[in-house]
Amino acid sequence: MSTLAPLRLLREPSNASEGNHSNATVGAGSGWCQGLDIPNELFLALGLVSLVENLLVVAAILKNRNLHSPTYYFICCLAVSDMLVSISNLAEMLFMLLLEHGVLVMRPSIIRHMDSVIDMLICSSVVSSLSFLGVIAVDRYITIFYALRYHSIMTLQRAVVTMASVWLASTVSSAVLITYYRSNTILLCLIGFFLFMLVLMLVLYIHMFALARHHLHSISSQQKPPTAHRGGSLKGAVTLTILLGVFFICWGPFFFHLILIVTCPTNPFCTCFFSYFNLFLILIICNSVIDPLIYAFRSQELRRTLREVVTCSW
């Protein structure tokens with residue numbers, strides 16, 4: 001059974017023939033080039049966990065009026081992006097199971113259309129997740145360095161425009177990716193977008209950590225207790241760094257996979273790396289599972305509201 005349809009299209013380069021693939025695998029050593037046989041039940045279980053977690057995050061933000069701010073709206077959009085990963089995974093699993101067991105009988109043309117819809121969902125989630133992580137980082141940066149002007153800089157209107165722009169760009173780019181997924185130019189654009197977001201967040205985090213370190217040094221030298229703002233600065237920087245680290249670990253192997261497709265599609269060692277594609281997919285789904293846990297345990301207000309949502313205290 002297949003999993004994560006649009007990403008599966010990028011399992012191996014289109015210009016690598018079966019013969020080249022076999023020879024390369026043997027040449028690099030068959031011991032570690034066999035890849036991993038990951039059961040479909042694991043994909044299904046992770047998808048269900050991610051779906052429930054992100055639904056709780058969205059419900060908590062909608063329930064608590066104290067969380068009705070641009071920062072939490074961006075977090076809510078990121079949770080929706082993670083939900084798209086889960087929904088597309090679960091929908092494809094269910095769709096394939098019904099087809100394989102003869103419960104669902106459909107014409108090939110309809111199957112292709114439904115597969116395209118699933119492709120759109122997952123591709124949109126890839127771009128939107130990247131984008132909203134960058135938006136959240138910028139929002140936190142403004143909160144720390146322009147605290148007194150934050151509400152005039154990040155107005156609700158600008159937040160809505162930002163969110164709408166991200167979703168529109170994600171939808172358009174996913175359609176282009178599905179149509180031209182075999183083009184190296186499209187892959188380079190996707191890789192470039194990932195690297196741009198990674199560098200942007202790294203620069204912002206380093207600057208925020210520098211500020212937090214300066215504050216802690218000043219507090220230590222003056223022997224004063226930390227203020228709420230300074231404590232919040234450090235906590236915000238740590239939270240964003242955790243998010244960046246989780247994102248890099250979960251998404252890095254997949255984008256490195258894309259880089260190898262463009263740079264060395266027939267190299268034996270690159271081909272061996274391609275054989276671990278299912279592991280990269282598992283890491284992607286794990287990212288959507290881990291993100292809500294970070295929000296729940298790092299935000300006291302969100303954690304309290306999550307408990308109310310779970311206990312149905314509306």
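Glycine too: its Cβ is placed from the backbone N, Cα and C atoms.
Any TrEMBL annotation is an automated prediction that lacks curation.
TrEMBL lists 42-62 (among others) with the feature transmembrane segment.
If you look up TrEMBL, you'll see 53-295 marked as domain 'G-protein coupled receptors family 1 profile'.
Counting same-chain residues at least six beyond the ends of the transmembrane segment (74-97), those with a Cβ under 8 angstroms from any Cβ of the stretch are 1-5, 40, 43-44, 46-48, 50-51, 54-55, 57-58, 61-62, 103-104, 114, 118, 121-122, 124-125, 128-129, 132-133, 135-136, 139, 159, 162-163, 166-167, 284-285, 287-288, 291-292, 295. What TrEMBL records for 74-97 (among others) is transmembrane segment.
Residues of the same chain lying 6 or more positions beyond the ends of the transmembrane segment (117-138) and with a Cβ under 8 Å from any Cβ of it are 4-7, 9, 71, 74-75, 77-78, 80-82, 84-85, 87-89, 91-92, 95, 162, 166-167, 169-171, 173-175, 177-178, 193-194, 197, 200-201, 204-205, 240, 243-244, 247, 251, 287-288. According to TrEMBL, the transmembrane segment annotation covers 117-138 (among others).
The feature transmembrane segment is assigned by TrEMBL to 159-179 (among others).
Taken from TrEMBL, the feature transmembrane segment applies to 185-212 (among others).
The transmembrane segment annotation in TrEMBL covers 233-261 (among others).
Among the features that TrEMBL reports, transmembrane segment is placed at 273-297 (among others).
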Spatial neighbours of the transmembrane segment (42-62) far in sequence, C-beta under 8 Å, 6+ residues away: 3-4, 68, 72-73, 75-76, 79-80, 82-83, 85-87, 89-90, 93, 281-282, 285-286, 288-289, 291-293, 295-296, 302, 305-306, 308-310
